[in-house]
Amino acid sequence: MKKKLVVLGLLAVVLVLVIVGLCLWLPSASKEPDNHVYTRAAMAADAKQCLEIGRDTLRDGGSAVDAAIAALLCVGLMNAHSMGIGVGLFLTIYNSTTGKAEVINAREVAPRLAFASMFNSSEQSQKGGLSVAVPGEIRGYELAHQRHGRLPWARLFQPSIQLARQGFPVGKGLAAVLENKRTVIEQQPVLWYVFCRDRKVLREGERLTLPRLADTYEMLAIEGAQAFYNGSLMAQIVKDIQAAGGIVTAEDLNNYRAELIEHPLNISLGDAVLYMPSARLSGPVLALILNILKGYNFSRESVETPEQKGLTYHRIVEAFRFAYAKRTLLGDPKFVDVTEVVRNMTSEFFAAQLRSQISDHTTHPISYYKPEFYTPDDGGTAHLSVVAEDGSAVSATSTINLYFGSKVCSPVSGILFNNEWTTSALPAFTNEFGAPPSPANFIQPGKQPLLSMCLTIMVGQDGQVRMVVGAAGGTQITTDTALAIIYNLWFGYDVKRAVEEPRLHNKLLPNVTTVERNIDQAVTAALETRHHHTQIASTFIAVVQAIVRTAGGWAAALDSRKGGEPAGY
């Protein structure tokens, strides 16, 4: 009897320990790891709720493309100042099954009635209906889903429909832009109605509901992309743009098609290959920067001492300057022959020639780098990186251009439209440095403007993704993407440090190197000793998101400059 009681007692103790263990383990198992390393799949973007939507899409059996679309639909709500369905995007997609990369071009195009001298002032290209180009976002989602989707199209819209109806707290990024652009918003009745309460713009944490966009999303979920381009939404879209002075027609929407690019730009970095879009984006600029710099064989030792670090950053800035000088020759390859320009910008021989012109002791006047024209800045963007369980990946960047785009927001559909023509060159306007506008970037019907996007996927010789990276932040996108790659690949920084490390930017025109406030003073001093003009950035330079393959899984990092955390499982 005693023996029986002892055994029962021991069993009771074991049972209690098991229950306690489960109580301690289960909550922590449901949490995301503190170091943001995920064993199966990962996502990085600048809106946490949207990442959770993407992650849940993956868990439900969705592909990397499914997750990207579901998350981007959400980002279009939570960061409406940067992107949405009235804009356009590019996607770089890597299929782990086939081992092939591709690019989908769903950027806006000029309406058929557009012409080079259509703007009487630069302000006209920034605000109002005339600044609106034909949106491509939804056609891009459609093509990507047709090629790589697993879940039903309508399923991808459901979480965002619910979010738009129920509302969500205004995030850090949107709140900052609302405050900064308060005067502009006050002048636009529809924006005022959407983003203000009690005569004040919404602040961080206050609830924003978007019922009209919820209805629009529902229509797209049911009818597909056709609803936007020649279905039940089309007539209202045309009416809204034309009522604001625009020239987009039903024919423009009917004829819009996203473009599949089956052979994206690629360059070798050691035993890996980088895939990215070519011109009309800035993939060739990124390629030239990295090709120039890889000849220096950078390593962690390159930034160990103040002297080494100063020289290394000087070389990086000089590579930026040479690359941006050549950027002025890029344009839409359907309208401008950029074959030779892109061939040079991706040539290791050409990069070596430019490297030989870099002096370790001084920078040079602008003319030394031989810029021929200038290209305008681009603005508000959103980037997203995804790696799915099967190892497939998506790097996607969408942009409305300047914050809140054209400021034209439909009172019926809730769609906020782009102002994509601020990134086109205007023939009548020479910039403040005396450089003429680039003819390669003049407006023509059906043409797309040059942008700084560099949505990149790095793949090893084994066919496995090593890194997915991209950025948001206008012209600085290219240099910030380059720095994130340099920091991780050559300096050996982990992905979080690669994304957070202070950055600098130089686009040649103006002749200034912008540095973040917390950058190492040894870097600034070394640059000034070498005759660089430096200035402290008034705000963060750009925002980077990245995912890197590690021994422990997928390490994801979200730039704290804009707030949020990555997601995965």
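Quick reminder: no glycine exception, Cβ is built from N, Cα and C everywhere.
Quick caveat, the model's predicted, so the values are computed rather than measured.
Swiss-Prot marks one residue of Asn297, Asn511 as N-linked glycosylation site, namely Asn511. Together with Arg107, Thr399, Leu451, Ser452, Swiss-Prot lists one candidate of Glu142, Glu372, Glu420 for binding L-glutamate, that being Glu420. For the residues Asn120, Asn230, Swiss-Prot attaches the annotation N-linked glycosylation site to Asn230, which does not rule out the feature elsewhere.
Closest by Cα distance to Leu451 (L-glutamate binding site), from the recorded positions Asn230, Thr381, Asn511, is Thr381. A 10 Å radius around the C-alpha of Thr381 (active site, nucleophile) takes in these recorded positions out of Asn230, Thr399, Glu420, Asn511, in sequence order: Thr399.
Cβ neighbour count for Thr381 (active site, nucleophile) (all protein chains, 10 Å cutoff from its Cβ): 26. Secondary structure at Leu451 (L-glutamate binding site), taken from DSSP and collapsed to helix, strand or coil, is coil. For the L-glutamate site, whose binding residues are given in the record as Arg107, Thr399, Glu420, Leu451, Ser452, the maximum C-alpha distance rounds to 13 Å. Each of the recorded positions Thr399, Ser452, Asn511 was scored by other CB atoms within 10 A of its CB, and the lowest score goes to Asn511. Here the C-alpha separation of Arg107 (L-glutamate binding site) and Asn230 (N-linked glycosylation site) works out to 18 Å.
Reduced to three states, the DSSP call for Glu420 (L-glutamate binding site) is helix.
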